[in-house]
């Protein structure tokens, strides 16, 4: 296949020229003998200069020392300038200081965009103004941020001094003070090292952040600058940073502990609610079973009483002729043993029993106990009255042809009379207790 390739591609597969033969070397480069052997620096010591003639070593200035030196030089230059300006400063002969000094108000920290008319509107509320002098820079012509306001009356100046300090004008709170250059002996302005407050007393270690119209004597006993103030500042900043970090960690831990406590309390409340709901459901189940058992027992007793009533009615109704509690009921045409429509099997009686049971199920346990006690006492009294009437009629010779009076009685009255005929005592229909009959 290579014979079909073009010549330029066949040239790529052509073999290279053979490597030319060279005779071997007698010795390797590191085996050759050197004419000059290696030696030390001893032969050159005589060329060194005498140490006694060498200049003393120079010590380089560190960055901290250089900054401290520049700061001292700047302070010295500024002190010289202040001394020169103090010799020329005389507020009593200043052509710009006009008017009565005791009626003049000094206003500082004024917004640079505030105009003279704006200042007049703000300070005329304290009294009529005679003159306003705003201070401007001599080089740039821009406002310096303070002004002098002269009032017509001294009392107006005192009112403004008392109430206008801290007033916000064009978004900035101004500082209001009296003119002290011509009223206070030995007073110097801020540019000459005076003024109120301690914002320009030195470095950041001795200055305060906010100034006001308070006396500078409170700052006179502050410690002077340390030899290396920047180190103290760095140390203080690092200490404050560590304290803030510790405070943040403590606050974070407090929040976490509070959240854990809230979750724990929530879980305990949920668990308690579940337990109470289970107990309530169990109580409801037990109450439901108890009511169902009582209803079954009551139905069984009702059936037994009806059977006894039917069995007793076939033999003769002379012994059962007893008046009801509400009075003598009208005679019934049926046999004495049969039950009328209002008997235990009547739908109205069943509906009343069902409503009574429903109402009692919605009552509390205390109300149910009170109702049971009241029903028991009522049935006991009713049984006593019924037994006495029955005995009186029996003595009077009531025969079998007379009405037994059971149709006018309720379900509980018939059961009571059936139980009272069995012996000396009777069973109360509510709880089945054996009660003693009244003496004859």
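Our numbering is plain: 1 for the first residue shown, then up by one each step along the chain.
Glycine is treated like the rest: Cβ placed from N, Cα and C.
Of all ranges given (48-79, 80-111), TrEMBL attaches the label region 'Disordered' to 48-79. Within the model, the domain 'RRM' (103-181) carries an average pLDDT of 92.
In terms of DSSP secondary structure, the compositional bias 'Basic and acidic residues' (294-310) contains 17 helix, 0 strand, 0 coil.
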